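Student: For reference, TrEMBL lists these features for the protein:
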| type | residues | note |
| --- | --- | --- |
| SIGNAL | 1-25 | signal peptide |
| DOMAIN | 42-129 | domain 'Ig-like' |
| DOMAIN | 140-230 | domain 'Ig-like' |
| DOMAIN | 244-332 | domain 'Ig-like' |
| DOMAIN | 337-424 | domain 'Ig-like' |
| DOMAIN | 430-517 | domain 'Ig-like' |
| DOMAIN | 521-608 | domain 'Ig-like' |
| DOMAIN | 625-720 | domain 'Fibronectin type-III' |
| DOMAIN | 722-819 | domain 'Fibronectin type-III' |
| DOMAIN | 824-926 | domain 'Fibronectin type-III' |
| DOMAIN | 930-1026 | domain 'Fibronectin type-III' |
| TRANSMEM | 1039-1061 | transmembrane segment |
| COMPBIAS | 1070-1090 | compositional bias 'Basic and acidic residues' |
| REGION | 1070-1174 | region 'Disordered' |
| COMPBIAS | 1148-1158 | compositional bias 'Basic and acidic residues' |
| COMPBIAS | 1160-1174 | compositional bias 'Polar residues' |
Amino acid sequence: MDRKRKWVLSSGALLVLFLGRMTTALEVPLDPKVLEGLPQPPTITHQSPKDFIIDPRENILIYCEAKGKPHPSFSWTRNGTHFDVEKDSKVLMKPSSGTLVIDISGEKAEAYEGIYQCTARNEHGTAVSNNIFIRQSRSPLWSKERKEAIMVQVGVSLVLQCRPPAGLPPPIIFWMDNNFQRLPQNTRVSQALNGDLYFSNVLLDDTRNDYICYARFPHTQTIQQKQPITVKVLDNSPSGERRPSFMAPLGQSSTQMALRGGVLELECIAEGLPTPEVSWYKESGDLPSSRMSFHNFQKTLKIADVMEADAGDYRCTAKNSLGSAHHTIKVNVKAAPFWISAPRNLILAPEETGILTCRVSGDPKPQIAWSVNGVPIKDSPKDTSRKVEDDTVILSDVQTGSSAVYQCNASNEFGYLLANAFVNVLAEAPRVLTPPNNVYQVITNNPAFLDCASFGSPIPAITWFKDSQTSILNRDPYVIHNNGTLEINVAQSLNSGKYTCIASNNLGTRENHVYLEVKEPTRILAQPEYMVVQRNRKAVFECKVKHDPTLIPTMNWLKDNGELPDDERFLVDTDSLTINEVTEEDEGTYTCVMNTTLDQDSASAMLTVVEATPTPAIVYEEPDPPTDLELTDQRERSVQLTWIPGDEHNSPTQKFLVQYEDLLHQAGVWHNLTEEEGTKTTAHLDLSPYAYYSFRVLAVNHVGYSQPSRPSRQYRTNPAAPDVNPTDVHGVGTEHNNLVISWKELTGLQSNGPGLQYKVNWRQKDVEEDWLSETVANTSKYVVSGTPTFVPYEVKVQAVNDYGNGPAPEAVVGYSGEDVPMSAPESVQVLVQNGTLAEVHWEPVLTSMVRGRLQGYKVSYWRERSLHQAEAQQEEQQVLLFSGNRTDGRLPGLKPYSLYTLNIRVVNGKGEGPPSPNHNFETPEGVPGPPSFLRIKNTDMDSLTLEWGPPQDNNGRLTGYTLKYQPVNSSNELGPVEEMMFPANETTVILADLKYSTRYKFYFNAKTIKGSGPTITEEAVTIMDEAMKSDQVDLATQGWFIGLMCAIALLILVLLIICFIKRNKGGKYPVKEKEDAHQDPEIQPMKDDDGTFGEYSDTEDHKPLKGSRTPSNGTVKRDDSDDSLVDYGEGGDGQFNEDGSFIGQYSGKKEKDTHEGNESSEAPSPVNAMNSFV
């Protein structure tokens, strides 16, 4: 809206400001409460893309969503004729929607190919969608061909053709070998854009029989393979070195066409030996470095987001050590139609006038065709209130009932644009949208903004009152903005009170009350001071604050702009910080920050930690003051000063400090004039005119300064013209029509004489005009009124006194005052990067329209609704400020699958300009959020019921849910995982065939086409069988069971005692007793000393043992004891319990004879005996 700003008048008690009317741009408020009940023609909110390639394996989904009051009805055309959805059993239209779902199971998808268009209509008009071209994705098979081996001499060039079958969309080409490894590519061997494999020159290593071209069809995710190609490189007639020549493209030049906004790919592939290098440059200008990139080893130049300036001649150069070759590609840039300004919806009151504009551009120039309610205007009934002029429709003196939807179609040979814009004729009484009784709080001297957002048709006029009685003076800084907001530039306590805004039109009046509270600022009265503290001493920083008593303050302390260390030595009080036992690590800058809900103040001080001063063996003191000051060599602007040093007190004098007092300008104030080395007693002093000087000297050693010497006698200098001009000269406007020239005044000593004045000069820069001047005194600024808004001025300030002028001053450039911008950014475009990020681009506002120093561009954006929802649910507006003369920016933190609206304002030092037209964009789908809940109910012995809720944030169209679950044993070990899938419309499932008395863990998440969302988990335990629980309880409480366990324990204890006694007595096993009975002298006794089995050993002639067999081959059996554990089954065939205990019995090997087994038969070992009780 273009409403004029007006200042508040003081006629009575009214804050008089009426908003001007512009009948062509009334905005519809987004508040659903306001929209409820308002009639509205249909608006298409979501539709499928113009070129829609479908997967033949899935149902066809053609979107068409619209809103309106009443809710619109939908119909479709196919290939230009009516498509009767009800007559086709395979086609379903979703309720309250125009979206078509076509079931192609058992049907061929080709049957539903064609151009579809959706129509949404209600009693107020008809909106139409784009033409949606439905095509089935295709991945045809490779034609069979027989490939002969390619024979080629080493060094020559070679092209291996791929020529994949034409698919929809086109396939992605890559070359691999039989092992599915990509063939290596480099500057010599590379793949062209058409998929062919180019060799600039072949090597013997290029011989192989598995050059295979693969084509991947992205829509169906299928990969097809060409027959392998065999290449044999011969070396009987090698090719020699040669200059480069181009293999693609051929000839000296070629042409190529690119579309604006698309991607331009230029390719040059050269052959030669040695392998040539390729370089690029543009003959008619520079390459666009920010949008270009090189690929395929510099053989391909890629330019993104093509612009008209990219047209021209591009030269590629191939070069090797023998020469170079050139090829020129002439690039022509064309453009499909693109928006300059799309038509916007209009809300008009009866008898008002409105304008629809459809501004587009393209190459060739697009043809514009207007329709109303889906019918070409030339074929619709004649309407005398409507006039069509090329890209503009003018509606005059509209009447109730003439609401309609207009379509603008702009087309050329490269595409088309279609936009719907409704004209809604409404007669609505005013509504105030700002909540009543809002309380606004602001700190003194800051601007205050009181809202009064309204809606009505015609546009309501806004009037403001204060306290119902208080009149406002003309000079009071009240301003009402276009949206009805009342601004107080510099709020003071007297501005506090009750304010009333009234919105009125010819259909009624509404009022609203708000309140303003102006608070006192927060100020730090006693700031922390710089401290030097000895180590292990205490440091105390004070920070006393004054604040508005109605605001609650919060004190925070920072160290080096970070948090205070977590140390009990740091004590924070109401108005101080105490650090006990300071260390070197405590050094740094400490800042106290006082915050309230409206403002804050802070102050900082440094802490330095030093070592404790040791007691010196010698007393060092400051030197005594110098004496006997004498002035010699007296001249107009200089004098010689001499003195006698005082006692140094064991510390050599490092320097002397000479100070002066000007009795004429600053009596009693001493200033530093110069320093001299500690070995000197004379100083040459440069003086200024028109001063009454006295001098004194201080001595300095490492202890400190001495007391000052007695002053010298007075020395007067004569007046003169100024030597210097004022510094820090600036020219800054404080209002849109003034220029404030300021400077730093000269000191009395700098004035050089009486009658000091300042000659202020100014003139507009780059304009042929004379300097204007004004002479002022006793001030540091001068205000030039009546200046143009924000134009550069040259300013200079010259010092003047009674004895003449100062030196010629240098000119400084300043600017007159700023005013709010007059124009909004244009050509706003949004490029959606992903579900959470978008880029916004715009054309910058002309400098003349900025009317001030450009601060940047403010992008306001908000989420209208999720694309699941038909009705708007606007969220809180977000604002980003992009500093400087930017033309683009990024919008992070978006929500997937949502409709967003944004506008852009230019910002200068004075404020914000008008917003650009609202621009809508949509974000794609993303993964969903977690399911809202997962509950477990009806738990039984072998089953339970799961219930869940859909995610709060779908972020797309839910495709289903995934459930995984697994048992968990008593030691928290996880069992095997079971997985189940559920459709999106299910919210409960019964799990059966579970184990009783078992804990299960469940993992549950939702899915969209973008993938699975976060997982939520839950656990549950199935119920134990009641009979088993009863048995278990009875067994544990029976007396016989307890007695049995005690008896077993006692028996084990007795056996252990017996084994221990026999072991200590050296008891023999039955095997030993049997050997003792035989008394064979050739048999050595077993070892008894360590309680283990001894070993049989042969005599030197290796006689066989008694009772043993000699193998048939004449060899003697191994010399182990027949009673060895190996022979009794402990070898590789031994068995162990699950806990690792041995459970085998002593027994003969299976290979032994029966009598050997009998001879070896012995009583079980004590270990086995114990194991038998386990």
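Cβ atoms are placed via backbone N, Cα and C, with glycine included.
Here the structure is a predicted model, which means the values were calculated and not measured.
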Student: Within the domain 'Ig-like' (244-332), count helix residues (DSSP H, G, I), strand residues (E, B) and coil residues, in that order.
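Tutor: So the counts come to 3 helix, 54 strand, 32 coil.
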Student: When the pLDDT values for the domain 'Fibronectin type-III' (824-926) are averaged, what is the result?
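Tutor: Taking every residue in the domain 'Fibronectin type-III' (824-926) and averaging pLDDT yields 91.
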Student: Before we move on, state whether the domain 'Ig-like' (430-517) and the domain 'Fibronectin type-III' (625-720) share at least 3 Cβ pairs under 8 Å, counting only pairs 6 or more apart in sequence.
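Tutor: No, these stretches are not in contact.
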Student: Counting CB pairs under 8 Å, which listed stretch among 140-230, 337-424, 521-608, 625-720, 722-819 touches the domain 'Ig-like' (42-129) the most?
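Tutor: The stretch I would name here is 337-424.
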Student: When secondary structure is assigned with DSSP, how many helix, strand and coil residues does the domain 'Fibronectin type-III' (824-926) contain?
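Tutor: Secondary-structure breakdown of the domain 'Fibronectin type-III' (824-926): 4 helix, 55 strand, 44 coil.
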Student: Taking DSSP states H, G and I as helix and E and B as strand, how many residues of the domain 'Ig-like' (337-424) are helix, strand and coil?
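Tutor: Final tally across the stretch: 3 helix, 52 strand, 33 coil.
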Student: Using DSSP, tally how many residues of the domain 'Fibronectin type-III' (625-720) sit in helix, strand and coil.
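Tutor: The domain 'Fibronectin type-III' (625-720) comes out at 0 helix, 50 strand, 46 coil.
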